[in-house]
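Read the structure below first, then the notes.
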C-alpha cells in the first residue's frame, strides 16, 4: 500500500521567474487570439483573448517571484486507477450502446461530457462536506491524492448526461442503462486506488478478527517526504490523533478494509447488471436496479466506515434505531417496486417478508445493554443520498414495470429523434438530377411510336406476302389451262403456232409480276 505508484525523473530542476514566464505565455496567447480572429473563429479568439488577459494579470501579480521545477513527476496510485476506470468504462459503455442501437458517435460525446461532469460533481460534494480542509482556491483543485465522493460523481454525471442528451433529443433512460455497468466497473477499479492510498477506511477490527483480515486492514506510516502534506496513511494519522496510537508505530490499528469490500460490491453489481440485461423489460430497468442495489450496499458499508471525511446530516438518534429505520425504507422500496419482477406470487411474498429481516437483526445487534450505553448516530451524506435515490427509483420501477406489462414493445422503444432533413445543397443536386431526367418520358414516347410503326410495317408486309402467294397460285392455274390449250393446238398447228403460245405465256407472267410489286407498300387503309 503506497500512495505513489512510480516517479518519473524530469530534467532540471530549473528556477523560472514567474513575471517573465507569464508575460511569455501572454504573448503566445495573444498571437493565437489574433490568428483565430483573422480566420473568423470568434469563439476561439475570445477564449485566447481571455487567456492573454489572465496571463498578464498573473505576471504583474507575481513580480519578483520564482518557481522551481520539480526534479521528478510523481504518478499517484489513485490517479492511475481513476484513469484506468475511465478507459474501461469507455469501451464497456460504447459497446453496450452499439448493441442497443444507440448512435455511437453521440454516445461517445455523451460519455466525455458525463465523465467531466462526474469528476466535477464528486469534487464538489467532497468540498461541501469537508469545507474545513480547504484554505485556498488552489487547494480546491488538488485531486491527485483523492478527495472525491462517489455519490457526487453519480449525481454530477446524471445531470451532465441529462443536459447533453436533451440538447440532442435523446431519451436519458436508454443511455443510463448502458452507462451504469461502467459505474460498477469504476467502483471495482477506483476503490483499489483508495486502498492503495489508505483513504475511506473502516472501523477498528475486534481481537476475534482473523489474522489475514487484520493484515489486510493495517495501513503503514509512510517515510518522510512521501507526500508534501501528511506523514502517513489517513488511517495511521487518524489513529495517532484520536485513538492513542504512538507516532513510532509502523502501521495503523487493524481496521475493516472497506475499500476492498466496496470493490467486491462493484464486481458483484457488474455481474448482476450484465445478467439483468438478458431479461430487461423496459428502458431504465438496469439503471433503476443499479441505483437501488448500490444504495443498499453503500448504506451498509457506511456503518463500517470510520474516516472523518464522510460528512453527516441531522438528526442524531440512537444507532440501534436510526440504522434499522433506513433498512425499513429499503424494504418498503423493494416491496413497492423490484419485487414485482418476480412472476411467482408465492416466491414474491416470501422475498417481501424477508426484506424486513435485516432491519430486525440490526436492531437487536446494535441495541445496547443499558440506556446509558446508547450511541448517537447520524446518517452520513452518502447514506442520506442512498436512501433518497433508492426509494425514488423503487417508485419509478413500479410505474415503468406496470407500463411494460401493458405495452411491452413501447417500453423497449429507444425513441430516437428522426434523421435531419437533407441539406439544401443535396436538394439542389436532386433538383438538377430531376431536371436531367425530365426529357426521359418524351424519349420513351418516341421509342414507343417507332416500335409501333415497325409492327405495322411487319403486319403489312406479312399481308402482302399472303396476297402474293394467292396471286401466284392463280397465275399458276391459268398457266396450266393455257398450257393444255396450247398443247392441243400444237397437234393441229405447226411450229409457228407453238412459238406464239410461248410468247403469250411469258407476257402473262410478266403481267403477274407487275401486279405483285405495288403490294409491298402499305396503303393508308392497312395503316
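Glycine is no exception: its Cβ is also placed from the backbone N, Cα and C atoms.
Annotated transmembrane segment per TrEMBL: 16-38 (among others), in sequence order. Remote same-chain partners of the transmembrane segment (16-38), defined as residues 6 or more beyond its termini with a Cβ less than 8 Å from a stretch Cβ, comprise 44-45, 48-49, 51-52, 55-56, 58-60, 62-69.
Per TrEMBL, the feature transmembrane segment maps to 45-63 (among others). Tertiary proximity for the transmembrane segment (45-63) is limited to same-chain residues at least six positions away from its ends with a CB under 8 Å from its CB atoms, namely 18-23, 25-26, 29-30, 32-34, 36-37.
The feature transmembrane segment is assigned by TrEMBL to 75-96 (among others). Nonlocal intrachain contacts for the transmembrane segment (75-96), taken as residues 6+ away from its ends with a CB within less than 8 angstroms of a stretch CB, comprise 2-8, 104, 107-108, 111, 115, 144-146, 177-179, 181-183, 185-186, 188-190, 192-194, 196-197, 277.
Taken from TrEMBL, the feature transmembrane segment applies to 108-128 (among others).
Summarising the annotation, TrEMBL assigns transmembrane segment to 148-166 (among others).
The feature transmembrane segment is assigned by TrEMBL to 282-301 (among others). Remote same-chain residues near the transmembrane segment (282-301) are listed as 150-151, 171, 173-174, 176-181, 183-184, 187, 258, 261-262, 265, 269, 272-273, 276, 326-327, 330, 333-334, 337-338, 382-383, 386-387, 389-390, 393-394, 396-397, 400-401, 403-404, 411-414 (criterion: CB distance under 8 Å, separation of at least six residues from the stretch ends).
Below 8 angstroms of C-beta separation, residues 288-289, 292, 295-296, 299, 303, 351-352, 355-356, 358-360, 362-363, 366, 377-379, 383, 387, 390-391, 393-398, 401 of the same chain, each at least six residues beyond the ends of the transmembrane segment (321-338), sit close to that stretch. Residues or ranges marked as transmembrane segment in TrEMBL: 321-338 (among others).
Annotated transmembrane segment per TrEMBL: 386-406 (among others), in sequence order.
Taken from TrEMBL, the feature region 'Disordered' covers 415-527.
The feature compositional bias 'Acidic residues' is assigned by TrEMBL to 424-436 (among others).
Among the features that TrEMBL reports, compositional bias 'Basic residues' is placed at 446-461.
The feature compositional bias 'Acidic residues' is assigned by TrEMBL to 466-483 (among others).
Feature annotation from TrEMBL assigns compositional bias 'Basic and acidic residues' to 497-510.
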